[in-house]
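Student: Okay, these came from TrEMBL:
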type	residues	note
TRANSMEM	89-113	transmembrane segment
TRANSMEM	125-149	transmembrane segment
TRANSMEM	188-209	transmembrane segment
TRANSMEM	216-234	transmembrane segment
TRANSMEM	294-313	transmembrane segment
TRANSMEM	319-339	transmembrane segment
TRANSMEM	346-364	transmembrane segment
TRANSMEM	409-426	transmembrane segment
Amino acid sequence: MWTRREALLVALAAVVFGAALLLRLPGQPMGDEPHYLALAQAIGEYHTFDPTPVYTNEDYRAYFPSPIDAHVAVVDGRPVPFHNVGAPLLFALPFLLLGRFGAHLVILAAALLTVLNVHRLQRDLGVGAGTATFVTGLFVLGSPLYVYAPMLFVEPLGMLAVVYAVRAVLDPAATRWRVLLAGAGIGYLPWVHGRYAIFPVLFGVLFAIGRKPAALVPLAVLALGLEVFNLVMYRSLSPAPGSTDALGEGLLQLNPARGLVYLAFDGRFGTAPNFPLLVLAAAGALLTTRRVNAVLLAVILPYCVIIATYPNWPGGFSPPGRLLAVCTPLLAYYVGVLLQRVPGWWLRVAAALAAAYGYVLALLCDLHPLERFHWVTDTGNPSLERLAALTGLPVDRMVGMAGVAEAPFVPWTAAAVIVAALLWWWGHRNLRDAPAADI
């Protein structure tokens with residue numbers, strides 16, 4: 001059963017995400033979006049995983065009026081898609097019924113369910129009702145969830161599966177059906193995107209340690225099923241054969257320390273310049289219990305480190321925060337812990353201002369859709385420049401751009417560490433009413 005607070009949060013998210021979707025629908029899909037639609041169209045209309053007929057017959061012009069390059073490779077003389085089929089499989093029927101809007105409804109539903117689970121994760125782990133509601137509302141507005149909810153990227157699918165599975169791992173009273181569903185969601189993630197292939201391994205260990213073996217059955221069936229599918233389709237056991245094999249991309253090709261700094265602080269793609277609310281999570285992580293941290297960090301850190309070795313760390317022509325977005329719902333718990341541990345109104349005001357900054361920056365991209373996407377060769381962030389003009393603050397000149405001369409990543413890293421340390425010290429001195437064992 002939903003509580004009143006949960007219903008209000010989901011309603012708020014539906015209005016906020018729905019308004020963003022209405023702003024984006026009049027324009028054409030961008031980046032990988034039309035290619036996900038083309039693959040969904042091929043599955044639904046041509047009953048094939050080969051999107052070539054959609055490109056050849058120009059069926060894509062129903063949602064993308066300009067000529068478009070086919071995202072297709074050739075394996076043993078057969079055309080195969082660049083992109084994993086997990087999301088297009090979910091889009092296929094809604095697309096047949098409602099076109100592009102139907103596919104958007106799938107992502108929107110995943111985003112709304114993520115909002116619900118962000119709130120429940122905090123409540124499960126002892127964050128007070130008021131704080132959990134406040135933090136969830138901030139994440140609706142000022143996190144990557146807002147950016148990707150009205151778009152046709154796979155990030156909300158990953159967010160939902162991960163946060164739901166973490167709740168199942170941490171809940172000793174999780175029902176068998178919840179555990180089975182959590183395992184199925186994690187097992188399906190590599191079908192959605194190859195960079196999620198690490199999650200079945202991580203959660204397989206967590207489910208086993210947590211004595212939830214029921215989750216391992218759907219997890220293993222789906223994860224191994226993908227390997228069989230890829231072997232037949234691509235003659236490869238890579239979880240992302242379309243990109244790693246056809247495009248020559250892959251992991252372990254970049255220093256992870258450098259990649260993490262880029263992913264955190266780059267002004268075009270980084271989390272801190274675009275979603276400063278997330279910076280508060282570092283202090284919250286230092287204030288939570290070892291048991292909870294053992295699970296959350298066992299999910300977050302291996303994924304972030306391995307993704308940081310990816311040479312195409314921005315994700316190509318991409319919106320901000322794309323590669324790390326899947327883990328951001330878990331950070332809401334850390335922000336909730338911090339706000340619950342630190343007394344006074346000033347930190348809540350700071351968190352609200354950080355979320356408002358992220359929301360305004362993302363809203364500017366909804367009003368000017370092309371400005372949400374960047375190449376790594378871009379030397380600036382037009383939305384930051386617009387925000388600087390609106391506020392009179394030089395926010396566009398305060399952040400660095402990887403590949404652009406003298407990017408000030410070292411001082412920003414030091415500043416983030418100092419802020420996190422000060423907030424941890426303050427929270428450690430001022431324990432709130434909630435028992436430490438709960439949070």
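Including glycine, each Cβ sits where the backbone N, Cα and C put it.
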Student: Determine which recorded stretch among 125-149, 188-209, 294-313, 409-426 has the most C-beta pairs below 8 angstroms with the transmembrane segment (319-339).
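Tutor: That would be 125-149.
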Student: Would you say the transmembrane segment (188-209) and the transmembrane segment (294-313) are touching, if the rule is that at least three C-beta pairs must lie under 8 angstroms and be 6 or more residues apart?
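Tutor: Stretch pair touches.
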Student: Among 89-113, 188-209, 409-426, point out the range having the most Cβ pairs under 8 angstroms from the transmembrane segment (125-149).
Tutor: 89-113
